[in-house]
Each structure stands twice: as structure tokens, then as C-alpha cells.
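What follows is a set of notes on a single structure, which appears directly below.
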């Protein structure tokens, strides 16, 4: 609950009851409280309530937004819940339930209203169709590095996100997998920190040597992929300025690298970042950027404690003036919070409002203030989906997460024949780089054995493999030593294999969001790709349901005589 206490008469008897009293409220059950004696307060108070949370929402870090805060200020008018009007000697005590993101302990400090700084949103829509990075205002040194890497034209989401982040807005970036979201936030960050940043008058006097950007990813694979992207842009001479802090790696070596290299950018998983921070080896109070990649996954309950520490210790929430803040918080740098994912459910919107200041939702060719986002309604058909409607932006989370250049099919097969159907599918489509998804780890080895027995080079990838083994498997698969990678949900997010031309679902994904993330492993950066779901006849209704939710055509097919034969939906039914 959020309390506002007026500073008025002291030593006023507020509650006086010989035995009991009843407490009423929107969020409090009627219960009897035993009061053996009168209780004396320094302020007189009465209660008012206001509901601010959707009780039907799922329990996530985002749905539990905010923290309990006590603000002290002048007398102000409040709405009573009943009873006689309070006397002139009493001050108003407002109670606004606002549940903590992580726990129910009160916040240590309170920001006065004068400390809040409103940011002005300026959107130059002409930049949405930018043909070069020069048009987006990136510094010359950074543009030279991009040209050396063969990157000259920004993608649509990069054209929309780079100017907004450069204006120091907190942002939620949503776009389909493989659209260039990583560079969409890395480039404006590297424009402000590191050797490629734009020159400023403070360059000579800037003594900062600590971490200035923290990027959090839910998996080791995604974290290392981001590290490689940063190293590629910084070049071989400056790649020491980025440090990985992922789980599964040697912690002592990571801490030694932090001390020796003094990196400006840290990329890691929540557990390892929180662990090293708690050990006093990672100092992030001066951090200017906090990026949460695949944020919808970081909201899951198992990251609760680690994300709590990261949000509490990385910089200071933007939108506040250091002149109006007292204590240790005033010495922290103001951070810019950026949330990224291909799918943005409404829980992420709530998290962005709680963790950031005046955040905006950035999508390809679109920038929308989060204040305009309302509770979504279900999308049942393509006609219901309007990508330009702010109120429907969240509904489009899964729809817009699919690359536009994909072909979707489903094939009916008995469970014991699925692997053979997989093999015939690969031959019929002449696919050279294939990722096959299953829901469990145990059957992976059996599928690989059957494919190898039929002369098809295959390997497995799952979380039970060690870090070195996983890295070796991925490298060999990308180098073409294996034609098929059989994996589970581990690889559904963040795995970047540009050459992948076919994704096969040997097991049905659990929902449309998982389907979108699996499908996003192919068709990256505008390339063509194919997604085939192999299901049993009793599972076809699930495919049709996902087809409606995603608003994409998933056509029935079969593989006969080495060819793909597409059926009409009416013929199948």
C-alpha cells in the first residue's frame, strides 16, 4: 500500500478501543483485530482505498509492479471510505495498494514530486525509412566500423529504435526474430560509451572507469551471441571493453577479467550478474544503460531474486533529478532502461511502466507511448489485428514476432513415423541447415540415432550438455558439419544461424508464443524460410488454434515421392 501522511498535530489519539475494531477496505477481508489497550499515534489518520491491479492477471514480476512507498507531504484532500468527516485536526492518509515487484518491504527512499522530470517525445517519421546509418545520427567512427563489417543499411526496427534511444528515452523494442533488435540497442549505446562514441566537451574531464552498460539475457547462448556482436563492432583492439558474465563459466576468471580489463559493457545471465554483484566484484551504481533482452522470459518466477538485485543496484531509475534526492542514491548515475523481445505480452508493458520513466513501445515503422496501451483483447482473425492501433499493440505481440518471409505448413503423421516424416520433409524441401524442435530432452538422442542410421548427419543440443560441449556443437552446426540440429526449447530464443532454411516442430509448441520463437530461427534478416509442424491427427485442432492466434496461413501438406504436396484445408477436414 502507498501511504501519504500529513504533518499535523502530534500526540492525537487515533484508535481507542477496549477490545477490538473492524477494518474495512477493497483489498482487506473483514476481520477482528485484538487491541488490548489504546494505541497512541503521532498523527491522526483515516483510510481510503483504490484498486490499481488486475486481480486476474498472472503472477509475474511485472504483474507485481512497484514497491510500497511512504511519501511525506502537505495536507491534501482524500476520498473517505465511510464514517464521519474527519476533524480539522486530522490529516488525510491515502492508501493506494501497489504491490511490490519482488517483495513487500518498504522502499528505502522516496522521491518528491519536484524530482520528477518529464521527457518530451519527438518522433521523426522520416527516419523510419532511413537508407543509411548516417541518417540516424551515429558518430563517424562507429559508422566506419559498421562499413568494415558490411553493415550499411539499417533494418526497419533499427531505424525506429536508434533515434529514440539516442534521445535518452526508456524503450520497449518489439520486432520479429532476426530483424536486428540486438544492433537496434547496441548502436546507440556504443554512440555514448567506449572508443567509438561521439566526441563531447567532457571527454577530457570524464574520469568514469566503471561499468556503464549492463545487458541481461536469460540464456548463456544468447548472452555469448550478444558479446560476439559487441566484439565485432569494437574490433580486435577494444574487444576487452566487453565482458561476459554467464553461468556455467569459471566465476574466478570472470572476476579477474573485471578487475584487469575494467570493461565498460557487461553481458550476462541474471544469476551470475547478481552473484558477482553481491560479492562486491561488480560495481554498477554508475551504470547508464540497463538492457533486458528477451524480457518476457526474464519475468519468470525463477529469476525473481536475481532480477530484484539487478534492478536495485544498476544505476538510478530515470526521470529523477539528483538535486532533489538525498543519500547514496544521489551519487548514482541515471540509467536508461531498455526492454527487448520478439513477443511483448501485457505483463512486459506493466514492467516497463514500473521500471522505467515515460517508456515508449518501439516497433518497425512505429513508436507509441506506453501510456496509450490498454488491456488487450484476443485476436481471432487477421481482420481483428490492426498494427497501427495503440490499444492493439500488445495483441500483436505474437503476430509481429514472425518474420514476413516464412512459409508455414503442417503434416499429419503417426507418432512412431515422425522421424521418417522428418527425413522425407528435409529431402523434399532440399534443406541444408535444419533445426528440429522437441519438448523434452530424453527423445533427442533417439531421433539423432535414427537420422544418422539413414545417412543424415545430425546432432543434439540441450541444457544438460556442458558449456564447452554446447559451444562445440553450435560451431560445427554453423560450419555445416551437421545438417540437422535436434534440440529443445533451449534454442528457441537467441540462437542465430542465418543459414537455417528449415525449422521443424517434431512436438507441438506449447502455445503461439513458443511457435513464433521457434519459427524465428529461420528467415532471418529477410531471408526465405520454411516452418513445418509434424503432428498427429488428434492434434490438428491445436495447429488451427495457433493459426488463428498468429493470423498466418499454416497449410496442410504431405511429402510424397520426394516432393511437397500442399492440400486445401477443406480437403483435409
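The backbone N, Cα and C atoms fix where each Cβ goes, and this holds for glycine too.
Checked against Swiss-Prot, the range among 131-159, 160-188, 189-217, 218-246 recorded as motif 'Q motif' is 131-159. Swiss-Prot lists motif 'DEAD box' for one of the ranges 289-292, 293-296, 297-300, 301-304, namely 293-296. Those residues of the chain, other than 175, 176, 177, 178, 179, 180, 181, 182, with a C-beta within 8 angstroms of the mean position of the ATP site C-beta atoms are 155, 157, 184, 342, 520, 524. Counting residue by residue with DSSP, the motif 'Q motif' (131-159) contains 17 helix, 0 strand, 12 coil. Cβ contacts within 10 Å of residue 179 (ATP binding site), excluding its own Cβ and spanning all protein chains shown: 26.
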